[in-house]
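Noted in TrEMBL for the protein shown:
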COMPBIAS  49-60  compositional bias 'Low complexity'
COMPBIAS  647-656  compositional bias 'Basic and acidic residues'
REGION    48-81  region 'Disordered'
REGION    633-656  region 'Disordered'
TRANSMEM  20-42  transmembrane segment
TRANSMEM  100-119  transmembrane segment
TRANSMEM  131-156  transmembrane segment
TRANSMEM  176-200  transmembrane segment
TRANSMEM  206-225  transmembrane segment
TRANSMEM  237-257  transmembrane segment
TRANSMEM  287-305  transmembrane segment
TRANSMEM  326-349  transmembrane segment
TRANSMEM  383-405  transmembrane segment
TRANSMEM  426-450  transmembrane segment
TRANSMEM  456-481  transmembrane segment
TRANSMEM  488-510  transmembrane segment
Amino acid sequence: MATGRSTLADSLREVYQFSVVDYCMFGLMLLLSAACGIYFGFFKRSTGSDDTGTPESSSSSDDESGQRRPSVAPAGKKVTSTFGSSTMDEYLLGSRKLKAFPVAMSLVAGYISGVTILGTPAEIYNFGTQYWLIVVPILLMGYAVCTVYLPVFCSLKLNSSYEYLELRFSTHVRSIASVMFVLDELLFLPMIIYVPALAFNQVTGFNLYVIGAIVCVVCIFYTLLGGIKAVVFTDAWQVVVMFISVVVVVIIGTVAIGGPDVVWDRSVEGGRIDFFNLNPSMYERQTFWAVLIGGFFYWTSFNSVNQTMVQRYMSLPNLKKAKLSIAMFTVGMGVFVSVCCYAGLLLYAKYYECDPASVGLVTTDDQLFPHYVMESVGKLKGIPGLFIAGVFGAALSSLSVVLNSTSAVLLEDILKGMFRVNPTPFVANIFVRGSVVVLGVAAMGCLFIIEKLGGILSVASSLSAIAAGTTCGIFTLGMLIPWSNTQGALFGGVSGALLSGWVSLGSQFAGASGELVPHKLPVSVDGCIEDLLTNVTIVHPVYPDESGVFPLYRLSYHWITPIGVLTVLIVGTIVSFITGPRDLRNIDPELISPVIHRFLPQESFGNYGTASKNLAAGVVIFSEEMQPQNSVPTANGVGLPYGTTAERNEEGTKSR
């Protein structure tokens, strides 16, 4: 059977060859990405003054003692650097002066990896349209992030989201969360590379590991040189390439098949249309409740507190721009995911009588879409190259974001926070850029592990859910449960990680051993040409009896994140009350989400901003736009917004 598959795949590649035009489009994408790194690393660096000649005073950097201080240069005087960005603040946060639209596009590009482009159509093809309802949780996620989490981060103006945990709880909580983030990204990095390499291998036969190494080298290059500016602006045009590539393939495919009516009718006939599977069972892979509830927890967990997202929120100048960016990101993600879901129906409409996996044309579900591209539009010069460039653009954007944000966490949370090392600016520069290189090389080294795993979408979600659910639970505990304390955060975090990890890894091992097999919707080979059926044996799936499998292992992957978040909140709240809840009169309201401020005692607002000032050991100047405007009673009974710049500067002077 393996020989048959190889022969058929080779024959397909001979018919639908990657042309010179296709290779040129792919190569152009790599060259433009590298050029962005050179441009932002050497020609578009901070000069110490903006375009109007006003000194940069809104950004901050770390001095040699580890304290935050304004990064101010004399007007008109250039800040020189021998290598790339002039300061760590510029390299990691773009001096907090980026624009909302490119950041929004970067958020879309960073979240859409090859996992989305290749995994989502395969999910719809195999399990139906129930997953398409994920668009609703995406919209709800955007609202939750803007109202609950974002105001806190913008008010504090942190370099790393995990600094919040030290302000709210302790250094131990911060260290645990940051280590979990680093481990999670290390696990996810090789998957980001594997997906586009798999697609390229499917359409060209090019060696999987060689193309993976090329992607890594290009990504390391422009991330190393240009920092977050190169990452954001490269992502912005890469997401355009991604969107155009998928839309062009979908439009051409739809026209070729006879229009959307044909796609819909064949999908209905094949049982793929199902938006309201109200089965309450938590064991079924895709149900209405699993997608809505689990999807909301998963998307919110990742986009609310994860450093890869928060770092780009913090690169914007104020809260208003950050909210605008998230709104554009939310709409963009909803549209892109919908296009990918429709592509899944298009795949089924094309192969409803001849499933490529059954006859050995593809070896994994994630090769379905690349196979379709080559078979449907492979003869159109440049279209396959455009599609592969889009898939690789998704990989490069996700990889660059992970490299940049993980290096920031290694510097701010691991080196400075955990080990209390305060490097000089030069050492910090070398450390961050060295981290980018090491992480990229590690991703290449781990590439072979991913080949042993099955469906990419569920595997990626399961691995990320462990860290995402636990860390989001700890942040939510801190922002929404003002009584919670350090003991509650520690016990809750450990409990959430253990339980969600137990469920996630247990289900993966059960699946690897054959005890759990995803119940795919039926496919047909009745319409296949005789040559395709000659060298292969059609095996109808036989699903094992899963009743003997431990119940938690049988849960849909959608429920892993809710389990992690809710475990942290429940255990953390109980332990906090057992060990002695926080006295709300002494808490800093800046550390609590604005949606909870109405429940805080009036005395607590006298502590506004004290936590961040204590950490910085000096005056921290906040932009007025960044502050939640909370009216608190004054001596004369008139409600005034607390936390204006003048008031906080006066308090900072008194505290010194």
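The backbone N, Cα and C atoms fix where each Cβ goes, and this holds for glycine too.
Same-chain neighbours of the transmembrane segment (206-225): 30, 33-38, 40-42, 84, 193-194, 196-198, 200, 231, 234, 392, 395-396, 399-400, 403-404, 433, 436-437, 440-441, 443-444, 447-448, 451, counting only residues six or more beyond its ends whose CB sits under 8 Å from a CB of the stretch. Contact between the transmembrane segment (426-450) and the transmembrane segment (176-200) is supported by 3 or more Cβ pairs under 8 Å, counting only residues 6 or more apart in sequence.
Listed as Cβ neighbours of the transmembrane segment (131-156) (distance under 8 Å, sequence separation of 6 or more from its ends, same chain) are residues 120, 123-124, 163-164, 167, 275, 286, 288, 291-292, 295-296, 298-300, 303-305, 310, 313-314, 318-319, 322-323, 326-327, 329-330, 333-334, 337-338, 341, 475-476, 479-480, 590-595, 612, 622, 626-628. Sequence-distant neighbours of the transmembrane segment (287-305) (same chain, 6+ residues past either end, Cβ-Cβ under 8 Å): 111, 130-131, 133-134, 136-138, 140-141, 144-145, 148-150, 161, 275-281, 326, 461, 464-465, 468-469, 471-472, 475, 556-562, 564-565. In this chain, the transmembrane segment (488-510) touches the transmembrane segment (176-200); three or more CB pairs sit within less than 8 A of each other, excluding pairs fewer than 6 residues apart. Long-range contacts of the transmembrane segment (237-257) within the same chain: residues 29, 32-33, 105-106, 108-109, 112, 117, 263, 332, 336, 339-340, 342-343, 346, 349-350, 372-373, 376-377, 380, 383, 386-387, 389-391, 393-394, 396-397, each at least 6 residues beyond the stretch ends and with a Cβ under 8 Å from a Cβ of the stretch. The stretch from 20-42, 326-349, 488-510 that makes the most Cβ contacts under 8 Å with the transmembrane segment (100-119) is 326-349.
Listed as Cβ neighbours of the transmembrane segment (326-349) (distance under 8 Å, sequence separation of 6 or more from its ends, same chain) are residues 100-101, 104-105, 107-108, 111-112, 116-117, 120-125, 129, 131-132, 134-135, 138-139, 141-142, 145-146, 150, 239, 242-243, 246-247, 249-250, 253-254, 257, 262-264, 266-267, 270, 272, 303, 313, 368-369, 372.
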